[in-house]
Amino acid sequence: MEWSGNQTLITHFVLLGLFTQTPLHFFLFSIIMTMFLVALTGNGLMILLINIDSRLHSPMYFFLSWLSLMDLMLISTIVPRMAVDFLSGKGYITFTGCGLQILFFLTLLGDECFLLAFMAYDRYVAISNLLRYSLVMNKRVCWLMVAFSWLFGLLDGLIQAVFTLLFPYCGSNKIDHFFCDLPAILKLACADTSLYESMIYVCCVLMLLLPFSIISASYLRILVTILKMHSAEGRQKAFATCSSHMTVVTLFYGAAMVTYMRPQAYHSSKQDKVVSAFYTTLTPMLNPIIYSLRNKEVTGALKKLLGRCSCGQREDSLQ
């Protein structure tokens, strides 16, 4: 604590966490950790398969490999820290640590928002304009899209992390959350945050509504194209690919919009923590499961990899 006039300024925060030390919450904690391990395994495996199998060297899988990397980083920014705080019974985090967590979290959140939009555009070109697909979605364009996602995500994360920690914080230093989330932190500020909240809303329009509008427009055009297809097999394949993508988009954007596009007065700590768990834990776990189980090329690449491993083990045993 530091003294400034008659106010005691906070120099660190205490995260209250998602769970308490009860048998039920120990059970829920074990579920979260299982989801964390599944997310690490699934996303790591997706990155490996896409990089080693030449059949998966296409724009769709290029974007999917980056999505898996972002999910790996996103869940690793939140869950390990939460687990240490829960098991140790402490939630101490410095101003710098809180700022870095805000920076990494919002950067990755912004990255994923734009990447999902580019993935939707990629599917639109592939289904609605197949003859020009290789020309429109060439390697240079794909890399530029990924670079754009990272640049705008980093810019958003940096601006919000710096501005958040510029506010004076006094009184209670307890954040009723399991990570340094903006709505929970701003409740502790002993200054008028209304202008900053308006800025956050503008950022959300750019980082959430703009990409979501691109996704909606792309899938509307895709739906029109699918309905015009004469081949039942082609329609089924297109619907399977797009429905899996829309499942991910609905979960991710829905939870993010509920958290960041509501006025501060309407925020409830319990509700915010539950909703945050969706896009910090559930979505990173579901992404590789949805894309792999619904995709014959990915399951084929996995079978090929397992076949190589089993053959290698047989050769070692024979030697």
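Placed from the backbone N, Cα and C atoms, the Cβ positions cover glycine too.
All TrEMBL annotations are machine predictions without curation.
According to TrEMBL:
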TRANSMEM  26-49  transmembrane segment
DOMAIN    42-291  domain 'G-protein coupled receptors family 1 profile'
TRANSMEM  61-79  transmembrane segment
TRANSMEM  99-121  transmembrane segment
TRANSMEM  141-167  transmembrane segment
TRANSMEM  199-226  transmembrane segment
TRANSMEM  238-261  transmembrane segment
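Long-range Cβ contacts of the transmembrane segment (199-226) within its own chain (Cβ-Cβ under 8 Å, at least 6 residues beyond either end) map to 109-110, 113-114, 116-117, 120-121, 123-124, 127-128, 152-153, 156, 159-160, 163, 182, 235, 238-239, 242, 246, 249, 253, 256-257, 260-261. If one looks beyond the transmembrane segment (99-121) by at least 6 residues along the same chain, the residues whose Cβ comes under 8 Å of a Cβ in the stretch are 60, 63-64, 66-67, 70-71, 73-74, 77-78, 81, 93, 145-146, 148-150, 152-158, 160-162, 164-165, 179-182, 185, 207-208, 210-212, 214-215, 218-219, 245, 248-249, 252-253, 256, 279-280. Summarised as a single figure, the pLDDT of the domain 'G-protein coupled receptors family 1 profile' (42-291) averages 85.
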